[in-house]
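The following features are taken from TrEMBL:
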- 23-279: domain 'D-isomer specific 2-hydroxyacid dehydrogenase catalytic' (DOMAIN)
- Ser49, Thr70, Tyr259: substrate binding site (BINDING)
- 111-257: domain 'D-isomer specific 2-hydroxyacid dehydrogenase NAD-binding' (DOMAIN)
- Gln130, Val131, Asp150, Thr176, Asp233, Gly258: NAD(+) binding site (BINDING)
- Arg209: active site (ACT_SITE)
- Glu238: active site (ACT_SITE)
- His255: active site, proton donor (ACT_SITE)
- 291-363: domain 'Erythronate-4-phosphate dehydrogenase dimerisation' (DOMAIN)
Amino acid sequence: MKIVADENIPLLETFFRDFLGENGELYTCHGRNMTPEDVADADMLLVRSITQVNEKLLAGSQVRFVATATSGTDHVDKKWLKNNNIGFSSAAGCNADAVVDYVLAALDNMTDEHGIQLQERTVGIVGYGQVGSRLYDRLKALGVTCLVCDPFKEVPGGGITMDDLVNWSDIISFHTPLTDSGPHPTFHILDQDRLQRLRPGTILVNAGRGGVVDNNALKQRLQEQNDIIAVLDVWEGEPELDPELLDLVAIGTPHIAGYSVDGKVRGTAMIYQAACKYFGQPETIRFHEVVPAPSLRSLTMSEGVSPQIAATMALKAVYDIRRDDRCLRQAVRKHPDAIAREFDLLRRNYPKRREFSTLEVIMIDTHPAANDPVAGLGFRITE
Ligand SMILES: NC(=O)C1=CN([C@@H]2O[C@H](COP(=O)(O)OP(=O)(O)OC[C@H]3O[C@@H](n4cnc5c(N)ncnc54)[C@H](O)[C@@H]3O)[C@@H](O)[C@H]2O)C=CC1
Ligand SMILES: O=C(O)C(=O)[C@H](O)COP(=O)(O)O
């Protein structure tokens, strides 16, 4: 079998060795540059979010199965695949916990920099899928009030409209796919009108897809009234981004919210499982057998350290979101004419970030409290 894959999918040889056998071929290339010639004689195509999978890429090829090692699928023309009898699978939820870690790290940073008490704020979550529902669970465990807008799901509290969410939230976090049709399209769901209605001090987090927020309108609001706080992991038109907008946001990162080691390896494991099912192969490799051990396994807090301090110490030990922000700003400043290249390089060379759940926090002589912030953030506690 010939497999063509994005070079940024980890552990391909490990997972797909049974498919390759002795005479198979694994051809990897940069996902953005994948051409019809690259895939013409492939049986299986494995992509990430940066490859447009459509008729243009696949017409006339011998590809029988396509999988994307990502949660989002807006880069795949699923209807065309179905009409052409090509199997398809995504890695739904593979990196949802990583995105939740990212949002919590961003909010922790805002707590430090703007003196914000999360428990005194209302968080509006747009999209109650894999990411949104897990974000909700962790925020609730931290004792934070949440509102949810997802017209396609039954959600806690019954759910509210996007306009009500904009009116009532202090913090808004976007976790929808990017859609431009259907009853509730998400393209520019945060448009100029809604942006203008945000109350001063509102924090916006977009770790979904760039086009969900109207980037020009956001820039305008930030330029005219620099009174809201924006955290952007995703950008309209990426890998290009508007450097003026980057200058105005509080945190800007190169689409890495889901880039934990765990999320990426889980993504490969999930597309491997889907391929096994599609081609009727037995599964011989499991995620937990191959995922690397974290460098930092446990942190022991001294006696008397409060759970709140322990929680922020653990968070900062596992993930420094400011580092990601700094690297993007430095790259854009140094190479203003090659932003797209730098954006992709930062993603490709992303450091080994682990999910909060991989860290055990050992608390000595503390009594578990309701809304324990260490557990609420997603760390494992040992007393
Ligand atoms: N920045 C990053 O690294 C990552 C970004 N993503 C993006 O985040 C998105 C969400 O991820 P998941 O939660 O895993 O997807 P999911 O498919 O599990 O959940 C998406 C939810 O959005 C809801 N939704 C759709 N249209 C809506 C609308 N108009 N208003 C409110 N809700 C709406 C859906 O009903 C669904 O419940 C993905 O589609 C992907 O684009 C996902 C993973 C990593
Ligand atoms: O899973 C998704 O959806 C994402 O947005 C991924 O984190 C994107 O990663 P790449 O596929 O662009 O490497």
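From the backbone N, Cα and C atoms, a Cβ is placed for every residue, glycine too.
TrEMBL entries are annotated by machine, without manual review.
Arg209 (active site) has a Cβ environment of 24 other Cβ atoms inside 10 Å.
Ligand 1 lies under 6 Å from the Cβ of Asp150, Arg209, Asp233, out of the recorded positions Ser49, Asp150, Arg209, Asp233, Glu238. In this view, Val131 (NAD(+) binding site) is surrounded by 28 other Cβ atoms within 10 Å of its Cβ, with every protein chain counted. Neighbours of Gly258 (NAD(+) binding site) among the recorded positions Ser49, Thr70, Arg209, Glu238, defined as a Cα within 10 Å of its Cα, are Thr70. Using a 10 Å Cα-Cα cut-off from the residue listed as 'active site, proton donor', the recorded positions that qualify among Gln130, Asp150, Arg209 are Arg209. A C-beta separation below 8 Å, combined with a sequence spacing of at least six in one chain, links Asp233 (NAD(+) binding site) to Tyr102, Asn206, Ala207, Thr253, Pro254, His255, Ile256, Ala257.
A simple way to gauge crowding: the CB of Thr176 (NAD(+) binding site) has 23 other CB atoms within 10 angstroms, across all the protein chains here.
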